[in-house]
Amino acid sequence: LGLHSFPEKSETVTPAEAVPAPAASESPAPPAESSQHTEGGNITFTAKVAGESLLKKPSVKWFKGKWMDLGSKVGKHLQLHDNYDRNTKVYTFEMEIIEANMTFAGGYRCEVSTKDKFDSSSFNLTLFLFPSETNCGFLLLHSTEGHDDGAEFNFSSLLKKRGEGKSESQSDVDVWDILRKAPPTEYEKIAFQYGITDLRGMLKRLKRIKKEEKKSTAFLKKLDPAYQVDKGQKIKLMVEVANPDADVKWLKNGQEIQVSGRYIFEAVGNKRILTINHCSLADDAAYECVVGDEKSFTELFVKEPPILITRPLEDQMVMVGERVEFECEVSEEGATVKWEKDGIELTREETFKYRFKKDGKKQYLIINESTKEDSGHYTVKTNGGVSVAELIVQEKKLEVYQSIADLTVKARDQAVFKCEVSDENVKGIWLKNGKEVIPDERIKISHIGRIHKLTIEDVTPEDEADYSFIPQGFAYNLSAKLQFLEPPKIHLDCLGQSPDTIVVVAGNKLRLDVPVSGDPTPTVIWQKVNKLLFESEGRVRVEMHEDHCVFIIEGAEKEDEGVYRVILKNPVGEDKADITVKVIDVPDPPEAPTISNIGEDYCTVHWQPPKYDGGQPVLGYILERKKKKSYRWMRLNFDLLKELTYEAKRMIEGVVYEMRIYAVNSIGMSRPSPASQPFMPIAPPSEPTHFTVEDVSDSTVSLKWRPPERIGAGGLDGYMLEYCKDGSTEWIPALPGLTERTSALIKDLVTGDKLYFRIKAVNLAGESGAATIKEPVTVQEILQRPKFWLPRHLRQTLVKKVGETVNIVIPFQGKPRPKITWLKDGQTLDSKDVGIRNSSTDTILFIRKAELHHSGLLDLELKAKVFSYVSSADKPGPPQNIKLVDVWGFNAALEWTPPQDDGNAQILGYTVQKADKKTMEWYTVFDHYRRTNCIVSDLIMGNEYFFRIFSENLCGLSETAATTKNPAYIQKTGTTYKPPCYKEHDFSEAPKFTHPLVNRSVIAGYNTTLSCAVRGIPKPKIFWFKNKMDLSGDAKYRMFSKQGVLTLEIRKPTPFDGGIYTCKAVNECGEAEIECRLDVRGNQTNPTGNPSTAMKRQ
C-alpha cells in the first residue's frame, strides 16, 4: 500500500513514497509522511495497491482518527474514487477533500483488506490559514562573529510576511524589534506567541534603551543597545576603548562580574571582550562596561526554543452528559498553551465548565458533563505548533436490532441486504466499497418502518464487494460482504499461451505452487501422461491448501520429465492446466582425450563432446594433467575452453604425463573423463654440425660431421645420411639404416654425377632438421700436385747426439697418393738401418739410436702418376664478358662467361675478388666458386668497388683476371637531420610559502622581527599587514627580502603593536598569504606604577 497526497492548487506538498502492498506474511508498510496544505484548497489522497498476487479486488476503508469511517461522510466536501490499471495490475483508490477547512486537519488511516490479507497506512493532514496583510511576523536578519558566537540585533532588518517565513524556518525572530514597533495593546499577544515570561522587565528595558546617550570620550565603540542569543549558545560583548592601557570593569545588573569558566575577559589592542559560554535564563540581564567614570549599557535576551506539539489531539465522540478529556503532549514540561473552541479562546472563568491540567509535558482539557452545545472543533496552540480535534456529542444512542449479514450467491441469483434499527424515522445511505449505491432497474433500495433493504437482481461477479449501511446523524457503519459463488479457476501466468515449462536441476526438490480459486473449495487431481498421481507415491507428493495446491518431487530425476496436468472440480464447474517439467543435470563425462604433436615441452590434446549434455548446452571444458606416478591432478585452464583442441605447454621433457577432461554447462561440471594414454614430451635433437666433404674419388665420397648441439632427454639413436642428384627432388638413403659414427664413406657412386648430401639426427621423438652441403659434389677423383710442408725446425741442420732417437715427421699432399722416396746423399736409405713409415698424409723417418754414419743430407722425393700423362696441361685463360648487372643496398650482382682457353683441362671453379677504389687492395670474396654469376654482399656504404675474377683448373689459377670496367658505387641512404622540437617549459609558479610565520610573544621596548620564506616565478611582490592594515607607509616597520626570505622588523614594540600580522605575496600566477599572532608583554618594572595594568597586559 502506498499513499500520495495531491493538492489541486499550487501548494507545497511532500507526498509519501509509494510502496507495494506486502503479502500476508510480510510486515505492514511504514506509515505515510505528514502532508501540509493551505485552507480552502482541494486535496486528493491516493492509495495504490499492487494487485499481481490478488485474485479479487481489495476492499478499502478510509478513517479519520481512530473510529470515524469516512464512508459515512461522502458528500459535498468528500468524494471517494477507485480504478484498476490492467497493464500495471495496480488498484488506485482516491479520497478527495473539496474546499478543505481547519476541521479536516488531523490523523487519517487507510485500510486495505482481501480474503486473507490486510494492510494499513496512517498519515497526518496539517492545514494553514491564508496569509493576510494584517497578520505579519518579523524575521531577524543578523550577522554573527565566529561560528558559535551569539547574534547581535540588526535594527535595519527587512520585514517578512509570515507566509514567506515558512521557507526560512532557520531564521531567528527579533522579538526585541517587534516589541519596539508594536502598539502596547499587542504586548501580551506577542509575549505568548514568542514565549516571553518576563514581559514587564522587557518593557522597563525598552524605556531605558530609548534614551539618547551622550558622546563618549573613553569609548571608541560602545556596546549595542541589545543582544539576543539562544539558550545554551555562546555570545561575545565587545567595546573599543580610546586608551589601549585602560582598565575596564564588567557589571551584570549592577554587580561586578568575576572571572570564571563561563565568563572570560579578553583584551586585544583597544578591544575589550566579555565572552559568556553556555547562556542560560540567568544570563538574561542588563550588562555594563565601566571605564573610569563612563559606562556603556546593553541588554542581553536569552531566547528559549519554541514549544512544539509532539503528540496531537484526537477526535472524540461521546453521549450527552459523559466526561470529555482532550490530551496532547508538548516538547517541554510546564509549558504555557492556549485552548480554543471554534476559534474562540477558552478561559477558566466560563462557569468553570472547562478545566485545564498540566502533567509534565502533557496538557489536558477536561469537560466533566458534556452537552450538545459542546460539539465542535477544539484547538491547542503553542508558540511552535497547533493541533485540532473534533468533538461529537450525541443526544441518544441508536440501537441496531438486526444488522446486515454476509451473503453468498450464485450467478443470476438475487441478493438482499436487510437491517433493522430502533428509530423508524432514521434515514441512511447504502455504500459499495465506500461509494454510494445509486438505484437502477437491477438494484433497488427500500425503507419500510425500521427496516432498510438493498436488493440486487441477477447477481454478476462485478457485484461482489463490501456493502455498508450508514444511518444519518449517527456514527454507525453496518457492513457485510457479498461473495459470488465462483467456478474453480487455476491462476497461471501462462494460461492461454504455450504450455509452461518448469526447469529443475537433477537431485533438487521440485515444488509447484499453483494458485487456485473456487467456492466451494474445488477438488484437485494431478496426472502425468494419463497416469494418476496420488497424494503419496514414492518421491512424488501432493498437498492441498485453501487457495493453492502444491505438487512436490523429492530428488528430481531424468525420468520425472514430462507433462503434468492439474484438474480442479467443484459443483459449479471444472478447470485444468498443463505444466511441462524439464529435469536438467551436469553433462556426462567425455571420452578419454587423445594426444598428438608431442614436442619438447608441449603437446596437442584432442577430445569429443559428451554424449549427453545434461539438457543444457555445454559452455566449455576444463583440462587437467598429472605425472604418471603421481596422484595430484593440476588444472591447466581457468577460463573455459570453447574448442575441442588445446595445446598444453610447460611440461618437463622426459617425464610421463596423463590428461583428462571435464565438460561444463550452466548446472555444473561433469565427472572427469578416463585418463589419456601416457605420453612423454620428447623433442628431436638439433641438426648435426660441421657437415663437410672429407674426400672424393671416382666412385666414393667421404663425409664427416659433428654431433648436434642439443640432444635432449630422448638421447640419440643415430644419423640418417641421404643424397640427391642435381636436378632431382628424390632423396636416396646413402647408408642402410642409421649410423652411430660421425663419418661415412659412400661407395658405388657413378663417376661424374653431381650429388647433394644431407644428414639428420634421429631419436625417439623423430628426426632433426637436415644439415646439408650447399654446393653439389662431383663424383670424380680430385687430382692434386704432390707437395710437402717442411717443419720450421727441419729447415736448418738437425743436430743429435750419438745414441739419441731421431724422429722426422714431414706432412705432404697429393692425389693420387704420391710415391715417397727417402735419399741420403743421393742414395736410397737402407730400411734395415732406419725405419720409414708412410701414411696418406705424412711420412716418418725413425732412427732408434743415432750414430755418426747417420749424418748427411737427406732428400725426400714425391712422385704422382698423373704427371706422367698430363704434362701438356696448362693454366686456363681469364673469364670473358664480365658484367656488373645490378647494385642495390649493400650488394652487387656479377655475371661472366667461361674462359675461351681452359688450359686443356676442366675448369674447376672461379675466384672472385673485390677492391676499394681508394686503396685498390684486393680481397677474395669467393674461392672455388663453380657458377658463372654471383652476388657480393656486405659492401660498405659510400665506397666504390672494382671486381675481378680468376678461372681455375688442375694447373691452378689463370695468369690474368677479368676486371669490371666501371666501379660499383654503394649509395648512401638519404637522411636529413631533423633537430628535435622541445616544448618550452613554463617555469612560472604561483607564490607559495615554504616556511611559515610563527606566533611570537616578545617584551616591549626591544626590537623584534617576524620571518618567513616564499618562492614563486616571477618574483612575487610582498605586502605586510597588521590587523588587515597595510604597513607599507609606516616608518616604525622595516621590510627586507633576500633570496626568498622575508623579514619584518618592528622597532621598539609596545603593547599596542600586538595583533595579527599577515604577509601577502602576489605575482601574475596567483597570490598567497600567511599570518601569525604577536603578543607584546610589558616590562616587569611598570612605568605607570599600576600593578593591575601590567598584569592585564600580561
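All positions are counted from 1 along the displayed chain.
Note: Cβ is positioned from N, Cα and C throughout, glycine not excepted.
The compositional bias 'Basic and acidic residues' annotation in TrEMBL covers 1-11.
Residues annotated as compositional bias 'Low complexity' in TrEMBL: 12-35.
Look at TrEMBL and you will find 22-126 (among others) tagged as domain 'Ig-like'.
As annotated by TrEMBL, domain 'Ig-like' applies to 214-291 (among others). Per-class residue totals from DSSP over the domain 'Ig-like' (214-291), listed helix then strand then coil: 3 helix, 40 strand, 35 coil.
Annotation comment: TrEMBL describes 305-399 (among others) as domain 'Ig-like'. Model confidence over the domain 'Ig-like' (305-399) is summarised by a mean pLDDT of 84.
Among the features that TrEMBL reports, domain 'Fibronectin type-III' is placed at 589-685 (among others).
Taking DSSP states H, G and I as helix and E and B as strand, the domain 'Fibronectin type-III' (687-782) has 0 helix, 45 strand, 51 coil. Taken from TrEMBL, the feature domain 'Fibronectin type-III' applies to 687-782 (among others).
Residues or ranges marked as domain 'Fibronectin type-III' in TrEMBL: 878-973 (among others).
The helix, strand and coil residue counts that DSSP assigns across the domain 'Ig-like' (991-1075) are 3 helix, 54 strand, 28 coil. As annotated by TrEMBL, domain 'Ig-like' applies to 991-1075 (among others).
What TrEMBL lists as region 'Disordered' is 1-39.
Note: the stretches the domain 'Ig-like' (991-1075) and the domain 'Ig-like' (214-291) are in contact (3+ CB pairs below 8 A, sequence gap of 6 or more). Among the listed stretches 214-291, 305-399, 589-685, 687-782, 878-973, the one sharing the most Cβ pairs under 8 Å with the domain 'Ig-like' (22-126) is 305-399.
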